[in-house]
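*Asks:* What follows is a single structure, and I will ask about it in a moment.
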Amino acid sequence: MAKRVLLASPRGYCAGVDRAVIAVEKALERHGPPVYVRKQIVHNVHVVGSLEKKGAIFVDQVDQIPPGAVTIFSAHGVSPAVVHSANERGLQVIDATCPLVTKVHREVIRFSKAGYFILLIGHSGHEEVEGTSGHAPDRVLVVNSPDEADTIDVPHTDKLVWLSQTTLSVDETLETVKRLRLRFPHIQDPPSDDICYATQNRQAAVKKIAPLSDLVIVVGSANSSNSVRLVEVALENGAKAAVRLDYADELDPALLDKVDVVGVTSGASVPEILVRDLLEVLARAGYTKVESVQTAVEDLVFSLPKGLRESRK
């Protein structure tokens, strides 16, 4: 069989990531460096490194930022406590929280005010989960996995609703909800799907190429939830092997031994140049035929954060 690449589409940048990265670039143009960013603007080492070279400074907490400095909140969102701390320091805040994450924040606020206890399906410690749960810390409990759904101790069970992190495995989330419903039949669903369109689309594309691939390569960083999920989805849907890497030069040539078909995709925070670099490496290894496998068309564009909206150019 001739060596070939199955290139998943959609892949790479989603609308929220594109918006956040442009926000940092625009802030640097307008205000000049340094511009401070709380946490990584998106979870990709290449993107963060590129922005650092342009003058962005990434910090873990707002108390590391000089008073009055231009500060950007990452795409993953923040809690009200972080907003309060930023205001106390007089920071010039540009909020690059993804609008789809903000939607979940609003759901938390609305349900908690209505007396609901919220089971937030997600990964404890992830910045998005910390920001979301911070909007009602006494009314939110994080459920990390289907197995945890079987045993988690819920203090208030009369009015329950489940919400989720936006970058989870669709299938694993459905399994978690199924198990929660066995214990709490009255648990309410969110008003709309919390897992974002880009996460779902990228997983659907991987499901299409996985059973046809001897190896699936996911370009993405280790701390990128949606990239890690793509590896899991590939393995769960028929790929003989799957790996994640940040850069093409990390690819171990031994992985290509006896491999005829390589599936390629990338996480939602990955610029296309990194995929192109990988395709060049694969071409040199004999994988010159590239077939695009498209499962959806994405044309969503978010407006830039307040204060940066006059131009996206």
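Glycine residues also receive a Cβ, built from the backbone N, Cα and C atoms like all the rest.
According to Swiss-Prot, the record shows the following:
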- E128: active site, proton donor (ACT_SITE)
- C14, C98, C196: [4Fe-4S] cluster binding site (BINDING)
- H43, H76, H126, T166, S224, S225, N226, S269: (2E)-4-hydroxy-3-methylbut-2-enyl diphosphate binding site (BINDING)
- H43, H76, H126, S224, S225, N226, S269: dimethylallyl diphosphate binding site (BINDING)
- H43, H76, H126, S224, S225, N226, S269: isopentenyl diphosphate binding site (BINDING)
*Asks:* Nearest of the recorded positions to S225 ((2E)-4-hydroxy-3-methylbut-2-enyl diphosphate binding site) by CA-CA distance, picking from C14, E128, C196?
*Replies:* E128
*Asks:* Could you state the whole-number distance in Å separating the C-alpha atoms of S269 ((2E)-4-hydroxy-3-methylbut-2-enyl diphosphate binding site) and C196 ([4Fe-4S] cluster binding site)?
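*Replies:* The separation of the Cα atoms works out to 13 Å.
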*Asks:* Tell me, how many other CB atoms lie within 10 A of the CB of S269 ((2E)-4-hydroxy-3-methylbut-2-enyl diphosphate binding site), whichever protein chain they belong to?
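*Replies:* There are 32 of them.
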*Asks:* Please list, in sequence order, every residue of the chain apart from H43, H76, H126, S224, S225, N226, S269 whose Cβ lies within 8 Å of the Cβ centroid of the isopentenyl diphosphate site.
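*Replies:* Everything else in range on the chain: V42, E128, T167, S221, N223, S227, G267, A268.
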*Asks:* Could you give the Cα-Cα distance between C14 ([4Fe-4S] cluster binding site) and H76 ((2E)-4-hydroxy-3-methylbut-2-enyl diphosphate binding site), in whole Å?
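*Replies:* Each residue's Cα considered, C14 ([4Fe-4S] cluster binding site) and H76 ((2E)-4-hydroxy-3-methylbut-2-enyl diphosphate binding site) end up 13 Å apart.
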*Asks:* Round to a whole number and give the Cα-to-Cα distance in Å for the pair E128 (active site, proton donor) and H76 ((2E)-4-hydroxy-3-methylbut-2-enyl diphosphate binding site).
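*Replies:* With the alpha carbons as reference points, the distance is 5 Å.
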*Asks:* Rounded to a whole angstrom, what is the C-alpha distance between H126 ((2E)-4-hydroxy-3-methylbut-2-enyl diphosphate binding site) and C98 ([4Fe-4S] cluster binding site)?
*Replies:* 15
*Asks:* Are any of H43, H76, T166, S224 (the binding-site residues) within 10 Å of C196 ([4Fe-4S] cluster binding site) when you go C-alpha to C-alpha, and if so which?
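*Replies:* Checking each Cα against C196 ([4Fe-4S] cluster binding site), the hits are T166.
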